[in-house]
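Colleague: So Swiss-Prot says this about it:
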- 117-136: disulfide bond (DISULFID)
- 141-146: disulfide bond (DISULFID)
- 142: N-linked glycosylation site (CARBOHYD)
- 218-257: disulfide bond (DISULFID)
- 357: N-linked glycosylation site (CARBOHYD)
- 409: N-linked glycosylation site (CARBOHYD)
- 415-434: disulfide bond (DISULFID)
- 462-485: disulfide bond (DISULFID)
- 497-517: transmembrane segment (TRANSMEM)
- 518-637: topological domain 'Cytoplasmic' (TOPO_DOM)
- 526-543: region 'Binding to the ribonucleoprotein' (REGION)
- 598-615: region 'Binding to the ribonucleoprotein' (REGION)
- 602-613: region 'Binding to the ribonucleoprotein' (REGION)
- 621-635: region 'Binding to the ribonucleoprotein' (REGION)
- 621-644: domain 'ITAM' (DOMAIN)
- 625-628: motif 'YxxL' (MOTIF)
- 638-658: transmembrane segment (TRANSMEM)
- 745-780: disulfide bond (DISULFID)
- 767-787: region 'Fusion loop' (REGION)
- 775-905: disulfide bond (DISULFID)
- 790-913: disulfide bond (DISULFID)
- 816-825: disulfide bond (DISULFID)
- 833-842: disulfide bond (DISULFID)
- 937: N-linked glycosylation site (CARBOHYD)
- 1002-1054: disulfide bond (DISULFID)
- 1055-1060: disulfide bond (DISULFID)
- 1116-1136: transmembrane segment (TRANSMEM)
- 1131-1148: region 'Binding to the ribonucleoprotein' (REGION)
- 1131-1143: region 'Binding to the ribonucleoprotein' (REGION)
- 1137-1148: topological domain 'Cytoplasmic' (TOPO_DOM)
């Protein structure tokens, strides 16, 4: 065999690639949505997938196979006899014969099919108990191809045992993926977790539950009973459509339905369940199903041959079944069972829509599968907040978010969220990576904004590094690293302080010596430079004086300009005889030869050097140089003095650098106490406050006439609450736009029932009995006969969101004031005030993006936020408008499908309908332009039938606040406050440091008065790091204070003004463990009590507390530092021995 040519190799490689591509196209996904908490008795999980079409010749050999690890029920895998009922044009028709009802004929034959959805009795009912899974398929066929739909039903426990597996049907591969949603036990509808509870509509008022539209998949089950008509399902349909006199429909069975993605089986019909009655009525209206065709056939055409009859089974002597013969895109299921037989007769009718009209008596069938929709009441699962934490990993951070009830929404502007999920019980976890830690990590999770302070991560990495460096002394490694790893100038000050304390006796003389050497060299260079400059100036002056008195200084022979008279005289003597005046070596007595010799002569500076030596020699030992040279930097007194001064200065810098910057929102470290304001004039505050921020203002109001009389004043403004009176408009629906052409050769357009006529929203235009040959295909001759029916309808309706219209809006804040012993609270509305005899607090106005008549759309839970629509149609809606398709309690509201039909014709071809109106739903349009709509976030929502309340977490709204306190206060009455407050520290958790934060639990006792509004702070001996406003009642009160800051020696106490608890607690040290994010909304607190800033005494107190904390902490750290100090002093003594005394040095 010869070598393959490059062309053959290329073709072979291309063939392999095409084979791989073909194999990839044969892979289909079947998604099984599971709640992430599986409990016993939760029924079945169901899913389906529509496969590509296959030739009708392959149907009889189809077999559904599985490689999944679950146990498949074998009942549906066996062969079952079907009557194959087909149609064709009669072969004896003459050419150009006009089509009529007698132009077509049908054929019946018996075939065996396996794997179709023929579910025996009790199979579904016992599937959960027996841990059996049911896999089957159904067929939608025309004359040439069939489109299979594969169904998978299994116990919900398979969500735990199976993640992914493969099914196969013919040459198609089906990837079954079990996906756990963020729902605990409910189903994902409209982006929210919905638990359908049908009994709620019977026992509770309508405003206490929600109503959702859910898909229903039903499967026909045959069950024969020996007597009675209880199982004759067709009797129920006939009763429903009020058809009497039908006695021949004796088929016995029922439908078993599954609602949504998982549910308990629903039996249809069932007298004691209104859900069953609803499904039954929908089956009667749409006997072939409410899902009309597959997505890719949304715009297609069909040719109707007409009504046909046939025999089922094929051995019958007369016709027992009828239907509508067609060609073109397949629509509904092509499998059914005959209603007139006691024993089930299964029919497979490719290219025929079998009769399903229950208002007639004969030749009817029931489909083996039925798909539709049903509206059910239920409850929405409550959501919980996320917990987000991060750990440092390489150049970025590894983060994880988890929630007890699932994560319905998570995003981040700084991280890559890959949706890798884990579930532990009811808890959902998502891991993601943040590539940058040079800025704080922001994560939006379950409607909450979480912020992870990345400097805390860097602190952890610093601790890890220093712990590794000091690993030889593990007992002190971590403690020492914790002290050193403090961010900012404070951390550098700590490091310098420890270096000075431990190694100051070595570093001080060493650094001083280096500085002195540099200064001495600089002084010498400056002095040397000045000497040379003066010498050159002197030579120039001598030269100029000689030129003035004696003439030119240029040698006449060599033309060299001399600088002194002796040099010129030597030139005159030597150059004329050809000798060098400098080295006296012989040369030619020419200018060029002598100048060339001067360039290499090494003694040309001989006369300058003689002149320099004749002058006084410079001795650079005076002034600065001498002082620097004689400085005794090794003196013990000098080193000890500098060491003490540096320690004091560094302690001050260390304490001062611990202060944080002033912020508009958040806590600012201050000293103890509160500010004092002399009431010489009225106290007025006028400011703008973000909607998500609370505000605390506390002062001591002082009598200007008597400084001893002071009244405590406390003002508390809570976060803004938005109150909207709403009108529930219903649920916005998305739909697939379908355009169908139905052409048939003869008869009027009303003669047949077209598929869109059972759709909820449709329009139809008929082109009937048109004259002209241009619109007739060759196999349908004739002029002025037949019909082309054009239909537009909306299919695959899907609920996408809740819609509320704002009727009115209010913005409120709760305002509380405490003036002396007087306390007043009121919820203040816009343009409203809280007024007392001395204080007036007004909410003047609000800057808002909401307006009455706006429409709010929620595409998920309320906590996920929503979109604001300024234009929302409520009465006359066109398809494509916001609010075009709405599901309301009164029923479905269909939009106007504005546009006109046009029949496109060509000679000898089937006509095609065209529609020039909009074909994109309003929801799809909104998604394409989602960024153009205003969005808003929601925190702490509360909803009722006609009201919606929430807090804006983004501070996108602002309130204008005005506060006036009159100067005419009754100081004699209000300054005498009988309230006595005692404080005790109960517990603390968290860590000191500005990044991590701590939670201090205080026990506050109030006596001598019934209630008192004040603020309790978390402080150490020097400063305060957090506060909370508390409305104390008589007796014991437990107060939680969240603070950030402090140091390793801080003993956090509970303080009120200048009074603190007797004992304090030490928080944990920051470490390398995961850093948990905090709610941005919780930190939006503005606290202003006018307390003085930390001054000099506060700095020393803070430094002293830190030193005591170090001493009282890990004593080994202090021991190691002292040992290092002693070693450095010994090293200093060895390197810088004491100088002998002057007397001993000059002893005679």
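From the backbone N, Cα and C atoms, a Cβ is placed for every residue, glycine too.
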Colleague: What's the CA to CA span in angstrom from residue 136 (disulfide bond) over to residue 913 (disulfide bond)?
Modeller: 36
Colleague: Out of 434, 790, 833, point to the one nearest residue 142 (N-linked glycosylation site) in space (Cα versus Cα); all of them are disulfide-bonded residues in the record.
Modeller: 790
Colleague: So, by DSSP, how many helix, strand and coil residues make up the region 'Binding to the ribonucleoprotein' (602-613)?
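Modeller: The composition, in the requested order, is 8 helix, 0 strand, 4 coil.
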Colleague: Sequence gap of 6 or more, C-beta under 8 Å: which same-chain residues meet both conditions with respect to residue 257 (disulfide bond)?
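Modeller: Once residues fewer than 6 apart are set aside, residue 257 (disulfide bond) is near 216, 217, 218, 219, 265, 266, 267, 268, 279.
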Colleague: Give the distance between the Cα atoms of residue 745 (disulfide bond) and residue 117 (disulfide bond), rounded to the nearest whole Å.
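Modeller: That comes out at 35 Å between the alpha carbons.
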Colleague: Out of 485, 816, 842, 937, the recorded positions in the record, which is closest to residue 415 (disulfide bond) when you go by Cα distance?
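Modeller: With Cα distances computed to residue 415 (disulfide bond), the winner among 485, 816, 842, 937 is 937.
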Colleague: Select the closest residue to residue 1055 (disulfide bond) from the following disulfide-bonded residues, measuring between CA atoms: 117, 141, 146, 434.
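Modeller: When the Cα distances are compared, 434 comes out closest.
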Colleague: So what sits near residue 790 (disulfide bond) in its own chain, CB-to-CB under 8 Å and at least six residues off in sequence?
Modeller: 739, 740, 741, 742, 764, 765, 766, 767, 901, 903, 913, 915
Colleague: Roughly how many Å lie between the Cα atoms of residue 117 (disulfide bond) and residue 146 (disulfide bond), rounded to a whole value?
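Modeller: Residue 146 (disulfide bond) has its Cα 15 Å from the Cα of residue 117 (disulfide bond).
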Colleague: Quick check for the class: what is the C-alpha distance, in angstrom and rounded, between residue 842 (disulfide bond) and residue 816 (disulfide bond)?
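Modeller: About 12 Å separate the Cα atoms of these two residues.
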Colleague: Just name the most isolated of the disulfide-bonded residues 816, 1054, going by other Cβ atoms within 10 Å of its Cβ.
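Modeller: Fewest other Cβ atoms within 10 Å, among the disulfide-bonded residues 816, 1054, is found for 816.
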Colleague: Which has the fewest other CB atoms in a 10 Å radius around its CB: 117, 141, 825, 1002, the listed disulfide-bonded residues?
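Modeller: Least crowded of the disulfide-bonded residues 117, 141, 825, 1002, by Cβ count within 10 Å, is 825.
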